[in-house]
Amino acid sequence: MTTETAEKVEYIIETKDVDLFYGSKQALQKIALNIKKNQVTALIGPSGCGKSTFLRTLNRMNDLIPNVKTTGEIHIGGENVQDPKIDMVNLRKKVGMVFQQANPFPFSIYDNVAYGPRMHGIKDKKVLDEIVERSLRQAALWEEVHDRLDRSAIGMSGGQQQRLCIARVLAVKPDVILMDEPTSALDPISTAKVEDLILELKKDYTIVIVTHNMQQASRISDETAFFLNGRIVEFADTTSIFTNPAEKETEDYISGRFG
């Protein structure tokens, strides 16, 4: 009996038979994926395969797109994400998201990080100061910006802006952080900083990352799901996926035969 089996695996995200349609076009087919707590799970696959669409089902961002229909079961922390009565503000607090392009608000660095806590009712300046410092430290940004918190976030470098967006997510203490190609617009040095940050953050958070960069997936993830044509072809520990894939389609993609 493995240690993992003996200790019983804790899944924070559980999905079953998830289908998604954009109008009449089916984008996801019977997706069943259980994601472990405090791990990094990578979603890989060619463009248009459904990986970003699936990521957005986890905090219902697809609801913002006209004519989208999602069916199946999605539970996060035991809560039914598909429940029509769910508190969407609370869901997106619990399940934060970092996008491909850094999207800082046109505010000061301080106000970017304090925005979420203020939205959730925190007004005390001392408490906000503590949250801002903690979040910027967690995002490995405090030492770079602590003496210019009142300056506009728009003047930061691209890599700093992306880490600021991560700090903004951390400020509301999510359980899960979704990342959609978070380093694709960054230079190699900034990418390395974000990757180091992801590895540090998984001690306290569960991270699901969409990436086209297979080397990145192999460096930072514990498990990897390979998507193709709206379905999951293979889901396994990352080492197995990249060194001994069970499916020929996975092997063909990993080896660069298509995609």
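Every residue gets a Cβ built from N, Cα and C, even glycine.
Quick look at what Swiss-Prot lists:
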DOMAIN    13-254  domain 'ABC transporter'
BINDING   Gly45, Pro46, Ser47, Gly48, Cys49, Gly50, Lys51, Ser52  ATP binding site
Remaining residues near the recorded ATP site, that is with C-beta within 8 Å of the centroid of the site residues Gly45, Pro46, Ser47, Gly48, Cys49, Gly50, Lys51, Ser52: Thr53, Phe227, Leu228
Residues satisfying Cβ distance under 8 Å from Gly50 (ATP binding site), sequence separation of at least 6: Leu20, Ala27, Leu28, Ile31, Phe227, Asn229, Gly230, Arg231
Ser52 (ATP binding site): secondary structure state under DSSP, collapsed to three categories: helix
Residue, out of the binding-site residues Gly45, Pro46, Gly48, whose Cβ gathers the largest set of other Cβ atoms within 10 Å: Gly45
Surrounding CB atoms that lie within 10 Å of the CB of Ser52 (ATP binding site), all protein chains: 20
Which listed residue (Ser47, Cys49, Lys51) has most other Cβ within 10 Å, given these are binding-site residues: Lys51
Arithmetic mean of per-residue pLDDT over the domain 'ABC transporter' (13-254): 96
